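Record features, source Swiss-Prot:
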BINDING   G14, G15, I16, R42, N90, A91, G92, I93, T94, P185, G186, Y187, T188  NADP(+) binding site
BINDING   D96, Q149, F150, G151, Q152, G186, Y187, R197  substrate binding site
ACT_SITE  Y155  active site, proton acceptor
Amino acid sequence: MSEQKVALVTGALGGIGSEICRQLVTAGYKIIATVVPREEDREKQWLQSEGFQDSDVRFVLTDLNNHEAATAAIQEAIAAEGRVDVLVNNAGITRDATFKKMSYEQWSQVIDTNLKTLFTVTQPVFNKMLEQKSGRIVNISSVNGLKGQFGQANYSASKAGIIGFTKALAQEGARSNICVNVVAPGYTATPMVTAMREDVIKSIEAQIPLQRLAAPAEIAAAVMYLVSEHGAYVTGETLSINGGLYMH
């Protein structure tokens with residue numbers, strides 16, 4: 001087994017995912033990044049923009065809505081690296097609509113991507129961690145999974161489900177030194193958010209006691225705390241990083 005620690009990250013190429021990968025690589029981790037579809041140009045551009053070497057990241061083609069194929073791909077990647085120390089379930093989508101107007105497709109797309117795929121990704125990783133008798137899993141939820149959000153019944157349900165899943169899995173993993181936690185970000189200055197109109201951003205910031213969006217680095221730092229030696233006595237918890245938008 002390699003001495004280098006390995007982290008599997010879903011949604012690795014997104015705004016928050018990229019920063020999580022950056023901080024993990026800086027801490028000495030090898031990254032297994034799930035992607036669909038494989039796009040060599042995009043992957044190379046991402047590696048260059050993040051300052052990564054090819055050896056820092058193993059890209060794995062995983063259509064997370066194809067359970068058998070995705071499971072096999074993840075198992076193959078873990079076998080190739082010989083270990084997996086950290087899992088960050090970060091992939092997620094939105095399909096916003098009021099519940100009255102929400103289609104079954106909009107509901108299913110979000111539940112399947114944000115919640116159902118947790119089983120597909122986590123089970124092969126969790127089983128390897130049980131074998132190793134160690135591991136850290138961090139699931140990325142959302143402030144809206146805690147408080148709910150108008151027009152996001154599907155998204156809020158999926159992100160709340162992540163929290164319940166985490167609490168249950170934390171109890172199963174504890175005896176094998178596997179810590180399972182949630183990071184629940186508030187509004188974060190990812191490219192998708194900062195591309196919104198300035199007046200929309202200002203209206204969001206006005207609702208936040210700290211009067212600003214989170215930086216992706218602040219979300220990633222919370223993840224890094226939970227996977228570090230300093231987070232070794234934390235499990236089944238939800239770490240809210242929302243600037244005071246929701247206090248509970």
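Each Cβ is built from the backbone N, Cα and C atoms, and glycine gets one as well.
Across the structure, T94 (NADP(+) binding site) and the residue listed as 'active site, proton acceptor' place their CA atoms 6 angstrom apart. For the binding site of substrate, formed by D96, Q149, F150, G151, Q152, G186, Y187, R197 according to the record, the largest Cα to Cα distance is 20 Å, rounded to a whole number. Separating the Cα atoms of G151 (substrate binding site) and G186 (NADP(+) binding site) is a whole-number distance of 16 Å. Neighbour counts of Cβ atoms within 10 Å were compared for the recorded positions F150, Y155, Y187, and the top value is held by Y155. Ranked by CA distance from N90 (NADP(+) binding site), the binding-site residues D96, F150, Y187, R197 have Y187 at the top as the closest. If you take the C-beta of I16 (NADP(+) binding site) and look for same-chain residues 6 or more apart in sequence within under 8 angstroms, you find N90, I140, P185, T188, T190, P216, I219, A220. Note: the Cα of G14 (NADP(+) binding site) and the Cα of Y187 (substrate binding site) are spaced 15 Å from each other. Other C-beta atoms found within 10 angstroms of the C-beta of G92 (NADP(+) binding site) number 22, with every protein chain shown included. If you compare every pair of Cα atoms in G14, G15, I16, R42, N90, A91, G92, I93, T94, P185, G186, Y187, T188, the residues listed for NADP(+), the longest distance is 27 angstrom. Between the alpha carbons (Cα) of D96 (substrate binding site) and Y155 (active site, proton acceptor) lies a span of roughly 8 Å.
Here the Cα atom of Q152 (substrate binding site) is found 14 Å from that of G186 (NADP(+) binding site). In the three-state DSSP scheme, G151 (substrate binding site) falls into the coil class.
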